[in-house]
Structures are given as C-alpha cells and as structure tokens.
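TrEMBL annotations:
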- B:23-42: transmembrane segment (TRANSMEM)
- B:48-68: transmembrane segment (TRANSMEM)
- B:106-129: transmembrane segment (TRANSMEM)
- B:136-155: transmembrane segment (TRANSMEM)
- B:175-195: transmembrane segment (TRANSMEM)
- B:225-245: transmembrane segment (TRANSMEM)
- B:257-276: transmembrane segment (TRANSMEM)
- B:283-301: transmembrane segment (TRANSMEM)
- B:307-325: transmembrane segment (TRANSMEM)
Amino acid sequence: MSAVEGTRKDAGFSPMAALKAPLMVALLLIVLLLALGEYLSPGFASAQQILRLLIVAALMGIVAAGQNLVILGGREGIDLSVGGVVSLAAIIAGNLMSGQDSGILLAVLGCLAAGALIGLINGIGVTLLRIPPLVMTLGMLGVLQGLLVVIRNGIPSGRAAPGLSGFVTQPLFLGLPGIIWLWIAIGLLMAFLLRRTILGYRIYAIGSNEQAAFMAGMPVKTTRILLFVLSGMFAAIAGICLLGYTGSSFANVGEQYMLPSIIAVVFGGTPLSGGKGGYTGTMAGAILLTVLQGILTTVNIDESGRQMVFGATLLLLMLFYGRGQALRT
Amino acid sequence: MSDIAIAPPKTAGHGLKRAIERFPFLPALLILVVLLVLNGLYQPRSVSLVGITGLVKTYLALMLLAVAQTYVVYAGDIDLSAGAIVSLVNVSIITAMDALGGGTSAVLLGLGLGLLVGLACGIVNGIVVAALRLQAIVATFATSIFFTGLALYVLPVAGTPAPTAFWRTYGGRILDIPFVMYAAVLLAVLLLVLARTQLTTRLLAVGDDQQAAYQSGLPVTRIRITGYALAGLFAALAAFCITGDTASGDPLVGGKMTLNSVAAVVLGGTALAGGFGTVTGSVIGALIIGLIGSLVFFVGTPSEWQNLVQGVAILVALMVGILVSRGARR
C-alpha cells in the first residue's frame, strides 16, 4: 500500500477514519438499504431475497474484479469492452453447450480463450501502441457489438445447460449456490493476488508511479497487458454465469455491466486514478449497487422515477467516496 | 557536414510537426479525404450535392454532440451524459411544441426551452464534477441515468410527432439551398467565434495543467462548469437536429450517441487528457464515423457484417489517428 496510508494508520485508530473507510461505508449502507427495503416492502430482507440479490451481485462483482485490476494498474486504466465480452461469452457459451451438460467444459474453455484474446488485443493496443485505455476499449466495444450482430445472424441464440443453471441458481453447499462460492473464491484469490504475490505488488507500484516502477526494473508493459487479459477473462466468466442465470442469451445482455462495474469499483474505494484500493471493497460496492437496484424494482414507482432516484442516489453515494483534492496553491 | 545532408528531411519533419501542432485535425482531414474518395469511387452519387446534403443532414447531430464533448474534453473532463441530454431536450421540445399547438411561435418557444434544458443539464454536470469534485466518468454516468429518467417522465413512450413546420424546415430548402447547409455554415461561424474567445484558451489551460492554471489565478472550477454548460447548449442543438431528422420524440434517442461523440473527439486529434485539440477535428471525426458507415454500405458488405466492419474500421481509424499525430508531434 502507499506510504500515505501507512502513516495514517500509524497515527492510531480513529473511529471517524474507520467509519469513512470505503468498505465500512459500503457495508453500513448495505445494511441501511436492506432495512429500508424491508420497511418499504416486507420480505425484502428475507434470506431467500438476499440470496437472490447476492447472485445478481456476484455477476456484477465478477465483471468488476477485472475492471478493478485494470483500474488499479493506473494510467487512466479502464475497460469499457467488458459489456461486449459478457454478451459475447454468453452467446458463445450458449452455443457450445446448447443445453447439454457435456458441453459445459468446452464452453468454459472457449469463453475464457475468447475473453483472454480480447483482453490481449486491448492490452497490446494500450501498451505497445500506447492508445489511451478509454479509446482502445471503446473501439473494441464497437467491434464486439458488430461481432455479436454477425454471430446472432448465423446461429441460434443457444441455451444454458441444466448443470450451469443449477450452479448459478440452485443451492450447492451450505445452502448457497455455486456462483456465490465462486465469487467468494475469486474474492480470496484477488486478495491473495493483490497482497501476497509479486504481481500484486507490481500492480500497485505501476498504478501509483509507472515511471518509478519502470526504473525499478518491473515489466510494466507485460503486467499491464496481463491486467487486460484478466479483465477479459473475468468478464467471460461473468458472461457464462449470466447465461446460467437467464437460461438463454439475448442481444447485448452484457451492456448493463459496462459502467456499473466501474461504479462498483469506485464505491469499493478504488479511485479511477489507480494505485490504491482493493477488491474486498469492490465486492461490497457490487452488493451495494445491486441492493439499491433491488429496492427500486420493489418500490411501486414508474420507470422514470426509478431512474431518477437511482441516478440521484448514485451521485449522493459518490459524495462519500474519493472526491478529488481541492486545488491549493 | 553530414548535418547538411540530412537537413531537408529534418525540416520537412519539422514542418509537419509544426503543422500538426497548429492544426491537430490534419490526420483526421486526411482520413476524411480518403474516405470521401473511396465513397466517390464506390458510389459516385454519394459525393454529389444531394449525397453530401444527406450525409450532413444525418450527421449534423453527431457533429454538434462531438463539439459539445470537445469543450468538456478540452478541460480534461468527459461527459457521458451527452446522449441523455439529447434525449431529454428532444422529448422536452416535442412535448412543449405539441402542447403549444405546433405553430411557428410554438416551435420557437420550444427551441428556447430546449436550450434552457440543455444549459441546465450542463450546469448540473459542471457542479457535480467541478464543484463537488466527483470523478467525471462515473459522475456524468450517474447524471445520465437521472436525465434519462427525466426524459422518460416527460415522454414515457416514443412517438409524439414533431410539428410539420419544424421538420419541413429542417429537411427543406431556402432559396434552393438545403436548410442543413445554412445550419452547417452557421455552426462553422459559431465555432470560429468561440475558438477565438478567452473561454477556449482558459478551458485548454485548465486541461493542460489544472494546478498551474489555478496558481496563475484562473477560476478553475468556474471554467470547468462553463465548459459543461457550453456542452449542454451544444447537446441541445444536437437534439434540435435529431428532432428535425426523425420528426418525433423518443426518450432514448440520444443514448447511443454518447460513445460515438467521444470517438469523434478522439478521431479529430483532441487529447482525452485535455489541453490539446480543436472543435474542427471533432466535426471531421463525426463525419469520418458517418462516411465509414456509408462506405461499408456502398462496398456491398452483407447487412449482418456491416456493424462489425464499421466497428473494426473505426477502431483502426482511432489507432491510426493517435499514432500519426503522436509520431508527428515527437
């Protein structure tokens, strides 16, 4: 972590600072929102409903894992192509398995390869050609949307295998469906990766000061390419799970994750400038976003009102997180 | 000495460098000319007056939205709500014109209201990003959700038609010259005037180095808010064109335009990091996107492949533009 954070911690435990930590804010807000939801519509915070919300949150959280890595890597790191990758993976998986359990392995491998390839192209464009990530991934999104049209015209939309649907929606172990366990595993993996591996240290180093990292002999470009590859692969995993959740893929199903995955990262305490933050907060951010959306769909208001409240609430919540420094002389 | 021998290419490189520094849109202009020639080769009629008028008529809205985006990008910010503002202005003016009876005065009042709505949206964005210091990408995404909600409130379903007087004027001719051509010339004059104002210089100064701009006494927050406000106004103008082109209200009409407006700005040679660029480039960028679309159609690409080919072509154009301008600037 950065030196600044270290010194702040050395100053001793302050309840105010702990309360302002993004993870705590997110958790507190999640509890408050669940209570509000229960008040507005009894049964909202029942175990079954919470489980359903967690499944939806897991989908967004898995996309946000890759997004988180790219953003941590700094230099305006962002991946707008994840929405396209999710849609693409959902349709590839649906076709490779076409409702058969025997096709799941092939589908997973195929999707991971596709996601990795797209991430690789993004990474090469961003590092070797030095195209700004926003531009590169925006262009890639356009390509993927075109690719989806082509695929959709050639082949049927495909169906999820029963095994996959069961994995996402049915209890697997201790009453929790497989996707929740998968998400927990990804959370642990990310925490391990970021805090206990050389790659993790490199990501923070590159994200906070690329020049210094380069001078220290770190493979800056390779690392950054790897981050984009991982982002593509995480988005692909989310796409497969999304197929399991919805049963069959439909047009641009993944677009709903593009910008919200970035918001989940920001709500989790990783600023878009990169170099600090982590995935635990992002997981809370994804749950927070999902619970908020859940409440808005439960409350009986028009779509217009729902969107206005959602937009205004997002802005309000952002006031808690990573506001920029005031300019000083 | 050997220096003399390599002098000519060196000065040539220098000249190009200086030219691109002064006119960052030169690479884009080159791409535009190539695209025009290709369009002309595959469909000679596309470069006739009728063809060009059609192109301008369809893409004037994107040009204006790209201009809107440019003023924000100048200062190093971004506006992901630009398309949502277009939608909101579109449904606002359609509803207002409809309620006022659809006569000439109703149309004018509607347009006035549209400008106010665009301005208000822009100021909201500016306050949220510059005064409250939220991160522009996520904050303007949040405002875009809010604006879309407002648009859905004003007009829940697409369909209310625009007054005949409005779209007839937009699609018609005055003194045998298409109306959109007047609009395009007016836009050019407006941009020329704006480019010479202090505001443009100040926006670029803020985008180049916010801290330095602040330390030299510029009111950075106010300048950034003004940038967003200007973007809101141009988004409103874009909405007028969309409304003239589609002749109806649609609460989601602008949503797809946001990312294209960003692409157009980048195609035009403006740096997303801020501090460097031109609105002319953004207008050219919007035309490039339009011409790529029509070229893909004219070469006879099967319809289901058109989006893919277009996507790849835009990605390549983005990369080429960035590489050329950087290579020349080095």
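A Cβ is built for glycine as well, from the same backbone N, Cα and C atoms used for every other residue.
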Message: Can the transmembrane segment (B:106-129) be said to touch the transmembrane segment (B:225-245) if we require at least 3 CB pairs below 8 Å and skip pairs under 6 apart in sequence?
response: yes
Sequence-remote partners of the transmembrane segment (B:283-301) [C-beta within less than 8 Å, at least six residues beyond its ends]: 25, 28-29, 31-32, 35-36, 38-39, 42-43, 46, 55, 58-59, 62-63, 65-67, 187, 191, 260-261, 263-268, 309-310, 313-314, 317
Field: Surrounding residues of the transmembrane segment (B:48-68) on its own chain - C-beta under 8 Å, 6+ positions past either end
entry: 79, 82-83, 86, 170-171, 178, 180-181, 183-184, 187, 191, 230-235, 237-239, 241-242, 245, 254, 257-258, 260-261, 264-265, 268, 279, 282-283, 285-287, 289-291, 294
- prompt: Excluding the flanking five residues on each side, which residues at least 6 beyond the ends of the transmembrane segment (B:175-195) place their CB within less than 8 Å of a CB in that stretch?
  reply: 53, 56-57, 60, 63-64, 67, 169, 230, 241, 278-280, 283
- request: Using a Cβ cut-off of under 8 Å, list the residues of the same chain at least 6 residues beyond the transmembrane segment (B:307-325) that approach it.
  value: 20, 24, 27-28, 31, 263, 266-269, 288-289, 292-293, 295-296, 301
